[in-house]
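**Student:** Copied straight from TrEMBL:
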type: BINDING; residues: GLY10, ALA11, GLY12, LYS13, GLY14, THR15, ARG127, GLY172; note: ATP binding site
type: REGION; residues: 30-59; note: region 'NMP'
type: BINDING; residues: THR31, ARG36, GLU57, LEU58, VAL59, GLY85, PHE86, PRO87, ARG88, GLN92, ARG133, ARG144; note: AMP binding site
Amino acid sequence: MRLVLVGPPGAGKGTQAQFLSKHYLIPHISTGDIFRANLKAGTPLGVEAQKFMDAGELVPDSVTNEMVKDRLTHADTANGFLLDGFPRNVAQAQVLSIILTEKKTPLDAVLELKIDDSEIVARLNNRRSVESRADDAEEVIVHRLNVYHEQTAPIIDYYRTEGSLITISATGAVDEITTRAITALGNK
Ligand code: AMP
């Protein structure tokens with residue numbers, strides 16, 4: 001199963017990705033997690049990414065695309081993967097298509113987690129108090145949502161046109177959403 005998860009910040013992508021990666025026995029590849037790990041370790045990549053992350057901006061494509069390209073060469077992706085947080089704009093989606101076309105391993109599905117902005121702000125305010133992520137500050141949340149609508153949402157049409165898009169509602173209990181996702185993915 002080669003899967004991409006798309007949805008606004010706070011839609012529960014990370015949580016669902018953990019369950020889905022266990023269910024399908026595929027690695028969960030979160031570009032946000034990779035950036036945060038680099039930041040914590042103080043690597044040059046982490047230092048470069050930090051200013052964009054703290055501001056709620058996308059890290060430049062040149063940096064992000066190379067990082068994903070490299071990650072997809074690791075042996076654990078041979079039987080599939082779940083990408084969470086990538087692609088984040090149409091240019092990244094095009095790069096991913098090129099990488100996967102070269103490998104002759106196209107995506108099986110792109111799963112969109114759909115949720116209203118008002119619910120997201122409430123959820124992210126809650127996550128800020130639990131996880132204390134710098135980029136969950138309220139004004140940064142609003143900015144990240146704007147970035148999502150302006151830059152990331154267009155990939156939904158890109159994948160709809162391509163025919164790989166599956167959309168589910170991301171409201172309700174975590175386990176209900178997981179079941180909904182697995183049912184929607186069916187025999188992909
Ligand atoms: P996330 O954990 O997916 O919400 O990502 C946290 C932050 O990491 C984002 O707000 C961006 O600054 C950065 N980031 C994660 N994935 C990408 C990506 N595909 N392209 C650019 N920046 C990204």
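Every residue, even glycine, has its Cβ placed from backbone N, Cα and C.
Map the listed features onto the structure and describe their local environment.
**Tutor:** DSSP assigns ARG127 (ATP binding site) to a helix.
Helix, strand and coil counts from DSSP across the region 'NMP' (30-59) read 23 helix, 1 strand, 6 coil.
Cβ-based neighbour count (10 Å, all protein chains) for THR31 (AMP binding site) stands at 22.
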**Student:** Can you name the far-off residues of the same chain, 6+ from the ends of the region 'NMP' (30-59), with a Cβ under 8 Å from a Cβ of it?
**Tutor:** 14, 17, 67-68, 71, 83-86, 88-89, 134-135, 140-141, 143-144, 147, 151
**Student:** Ranked by the number of other Cβ atoms within 10 Å of their own Cβ, which of the binding-site residues LYS13, ARG88, ARG127 ranks first?
**Tutor:** LYS13
**Student:** For the binding-site residues listed here, GLY10, GLY12, GLY14, GLY172, which shows the highest count of neighbouring CB atoms within 10 A?
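**Tutor:** Sorting the candidates by Cβ neighbours within 10 Å, the top entry is GLY10.
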**Student:** To the nearest whole angstrom, what is the C-alpha distance linking GLY14 (ATP binding site) and ARG88 (AMP binding site)?
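**Tutor:** So the alpha carbons of GLY14 (ATP binding site) and ARG88 (AMP binding site) sit roughly 15 Å from each other.
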